[in-house]
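J.: My questions will all concern the structure given below.
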Amino acid sequence: MTPTRAQLAAFVDHTLLKPEATAADVAALVTEAAELGVYAVCVSPTMVPAAVQAGAGVRVASVAGFPSGKHVSAVKAHEAALAVASGAAEIDMVIDVGAALAGDLDGVRADIAAVRDAVGGAVLKVIVESSALLALADEHTLVRVCRAAEDAGADFVKTSTGFHPTGGASVRAVALMAEAVGGRLGVKASGGIRTAADALAMLDAGATRLGLSGTRAVLDGLG
């Protein structure tokens, strides 16, 4: 059954992570988020105060180690903790994709665990850059990384930053990730979801959250 506009909106993190975003842009994002009835907004750590100050009762998410993941774990953890202290209720952190490709799952787990410990009860989503893992390794690697995220205390696994040259979310990746975590964790599809058809395909594949920057266009596409 096709969801209603309100039902689809409830899956969405309305996202603005462009480096040129201003506090005014974030305030407009929050206003639009409240109008559209989305689950949350997702903004850069420096923009969390602006999102909180914009009010409207909208849940705020932020990012850590974004977008490369090539940050010392202690830096990711501190960045995430600062975002939570500023009012973020959720953190989307980026793994070290190179470590994952090298088979260093202990390092991947330790990196995630450091952020998990730093954010307390905040929701932790782990961005695995699924397109890179599939393009540069294989399905087994993606599954193993998702299970490592679960072992380290993640609440969600997330496909993509949307900034990696190998691409964003795919139905194939979402299905593999959903199977890997077996309903024990959420699955967030993000990156390149531009139409209602894209969004519905991700939900059908097992996504439980969607990261969208063009949320209004996606919702309007439901007809």
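Glycine is treated like the rest: Cβ placed from N, Cα and C.
Annotations per Swiss-Prot:
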- Asp92: active site, proton donor/acceptor (ACT_SITE)
- Lys158: active site, schiff-base intermediate with acetaldehyde (ACT_SITE)
- Lys188: active site, proton donor/acceptor (ACT_SITE)
J.: Under 8 Å Cβ to Cβ from Lys188 (active site, proton donor/acceptor), same chain, six or more residues apart: give me those in sequence order, or none if nothing qualifies.
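T.: Looking at Cβ-Cβ distances below 8 Å from Lys188 (active site, proton donor/acceptor), excluding near sequence neighbours, one finds Asp13, Asp92, Lys125, Phe156, Val157, Lys158, Thr159, Ala207, Thr208, Arg209, Leu210, Gly211.
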J.: CB neighbours of the residue listed as 'active site, schiff-base intermediate with acetaldehyde' within 10 A?
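T.: There are 29 such Cβ atoms around the residue listed as 'active site, schiff-base intermediate with acetaldehyde'.
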J.: Validating a neighbour-count step here. Other CB atoms within 10 A of the CB of Asp92 (active site, proton donor/acceptor): how many?
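T.: Around Asp92 (active site, proton donor/acceptor), other Cβ atoms within 10 Å: 28.
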